[in-house]
Amino acid sequence: MKLRKNKGWFILFTVPLLIIFTTVVLIPFVMGIYYSFFRWDGIGANPMTFVGLENYTRLFGDNRFLDSAWLTVKFTILSLISVNVIALTFALLVTTKLRTVNAARAMFFMPNLIGGLILGYIWQFIFSDAFRIMGELTGFETLFFNWLLSPDYALYALVFVFTWQMAGYMMIIYITGIQGIPNDVIEASTIDGASYWDRLRKIIFPLLMPAFTICLFLTLSFGFKIYDVNLSLTGGGPINSTELFALHIYNEIFGYSRYGYGQAKAVVFFIIVAAVTLSQVYMTKRREVEM
Amino acid sequence: MKKVSKFSREILLFLGALLFLSPVYIMFVNSFKTRAEMYENVLALPQELTFEYYAGAMHRMNFITAFGNSLFITIVSIIFIVTLSSMTAWMLARTNNKLSKIIFMTFIATMLIPFQTIMMPLLQLMDQIMRATGIPMLNTRGGLIFMHIGFNSSMAVFLYHGFVKSIPKSLEEAATIDGCTKFGTFWRVVFPMLKPITVTVIILNVIQIWNDFLLPSLVLTSTNLRTIPLSTFYFFGEFTIQWNMAMAGLTLTVIPVVIFYIFAQRHIIKGIGEGAVK
């Protein structure tokens with residue numbers, strides 16, 4: 001009797017969310033794998049042709065796809081470095097004993113709250129107008145020109161804006177790590193006459209390893225999935241020089257109406273993201289055991 | 001001597017932070033300038049304060065409607081996410097059997113799926129549901145809220161689950177012995193104790209749902225349903241860019257975020273830390 005009653009409560013508490021979750025996430029995910037084996041233009045009245053694995057084998061000869069994949073890797077690696085270097089610098093700055101640290105920390109974090117789409121538009125203006133005028137004013141026209149118009153520089157513009165957006169977020173995680181370092185360790189090293197650089201290299205960095213792992217992989221996963229900033233800052237241009245993975249998939253499906261082929265790319269995208277994230281979990285777990 | 005250098009370091013840090021936020025400053029000052037003034041110097045303060053461009057941007061972006069839509073969608077989604085996820089997570093954490101473990105692992109595993117992998121089939125499914133049952137899933141606020149709940153509940157369940165595990169069972173057992181139903185126990189005893197993690201869940205979801213662009217852009221097609229990111233996107237797409245008006249529009253979209261930040265700053269920074277570390 002009691003058991004059945006408990007079962008009733010279990011159903012009452014969990015089923016509403018499970019229904020929503022299944023409809024929104026689980027079923028579409030399975031459908032997505034199914035669609036990736038078909039050729040279809042997305043129009044309900046038109047036939048879906050089963051093509052087996054053809055959508056997947058076609059990927060290897062698709063230069064736009066391979067370019068986009070390479071760009072995404074390049075973007076992610078560059079962002080990984082710049083976001084974390086800057087975030088760590090910020091975190092070290094705002095954990096000093098200065099009185100302005102709280103204000104500075106709040107200001108460094110601020111860009112993260114503004115949505116990616118809006119950030120992209122703000123920076124579009126800065127690159128196209130403010131940079132030009134700053135170039136005229138300072139004479140550094142080789143640096144201050146409209147990066148967004150140059151196929152070589154547009155990707156760096158994207159890295160730049162992404163760094164501006166994410167540095168504050170990663171800073172918060174590094175701060176949590178730094179504050180977790182026991183004070184006596186730092187004091188002991190100061191008494192022993194260690195320089196700031198020694199302390200950083202021999203004490204702070206090794207003790208920050210867990211924070212490093214989290215930040216590196218969060219940047220990796222956010223970088224890989226970037227969409228909003230990409231859309232509003234460059235829109236993939238000029239000449240597809242900044243069409244990253246997520247935007248490429250969107251364009252393939254909804255732009256060129258290649259629903260089946262685009263979906264195969266989306267499935268590959270999932271596999272890459274899952275592999276990266278799972279290796280993160282694996283490495284974090286292994287490190288936890290060591291400590 | 002040492003005092004002076006400390007003071008100058010204070011100033012340097014503060015100036016550095018200001019420089020970091022200079023794009024926001026550039027956006028703000030240029031929302032008041034005429035084109036000639038902008039061309040003369042983008043960095044200077046405006047010569048006079050005119051709200052002409054704000055009026056134009058508000059009108060073109062349909063800002064009041066968009067703000068209302070964003071607010072409604074964010075608040076209702078979050079009420080559902082908090083209610084349903086906390087209930088589910090508590091049940092899963094307190095029921096020690098295979099089924100509840102499988103359900104929990106499914107929630108966690110799906111956090112790996114990028115949105116782009118699901119978006120197309122999701123639209124197909126919603127369309128099929130609409131045609132089969134007549135429930136309007138696409139191009140309605142309700143439908144969008146439904147999908148926001150689905151996408152954001154995994155993270156919430158995960159956070160609540162971890163928190164429930166850390167609180168003692170004894171209070172709940174006492175309530176049950178006193179004749180409380182499970183429902184009563186949860187809402188009167190457990191839910192109040194979950195408050196710290198509820199704040200984190202709310203903060204993370206406000207940021208996520210308020211700023212979300214891709215999902216609403218796929219689901220909503222009517223002009224009068226547009227959220228703030230959507231109306232910003234169409235505002236930039238429909239007209240040849242008049243930068244002063246564009247900057248006024250962007251400033252409008254940033255103002256609510258800044259107000260939210262000022263009021264909830266401590267919770268936001270704490271919430272981000274907790275959400276990420278777990």
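Cβ atoms here come from the backbone N, Cα and C positions, even for glycine.
Positions annotated as domain 'ABC transmembrane type-1' by TrEMBL: A:69-282. Annotated transmembrane segment per TrEMBL: A:9-37, A:69-94, A:106-126, A:153-175, A:203-224, A:266-283, in sequence order.
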> Where else in the chain does the transmembrane segment (A:266-283) make close Cβ contacts, counting only residues six or more beyond its ends and a cut-off under 8 Å?
Replying inline: 32-33, 36, 56, 59, 213, 217, 220-221, 224-225, 245-246, 249, 253
>> Cβ pairs under 8 Å only, please: of the recorded stretches A:9-37, A:69-94, A:153-175, which one is richest in them relative to the transmembrane segment (A:203-224)?
In response: A:69-94
> Taking residues 6+ outside the transmembrane segment (A:106-126), which of them lie with a CB under 8 Å of any CB in it?
Replying inline: 90, 94, 148, 157, 160-161, 164-169, 171-172, 226-233
> In terms of Cβ proximity under 8 Å, which residues at least six beyond the ends of the transmembrane segment (A:69-94) contact it?
Replying inline: 101-102, 104-105, 108, 155-156, 158-160, 162-163, 166-171, 173-175, 177-178, 200, 204, 212, 215-216, 219-220, 223-224, 226, 241-245
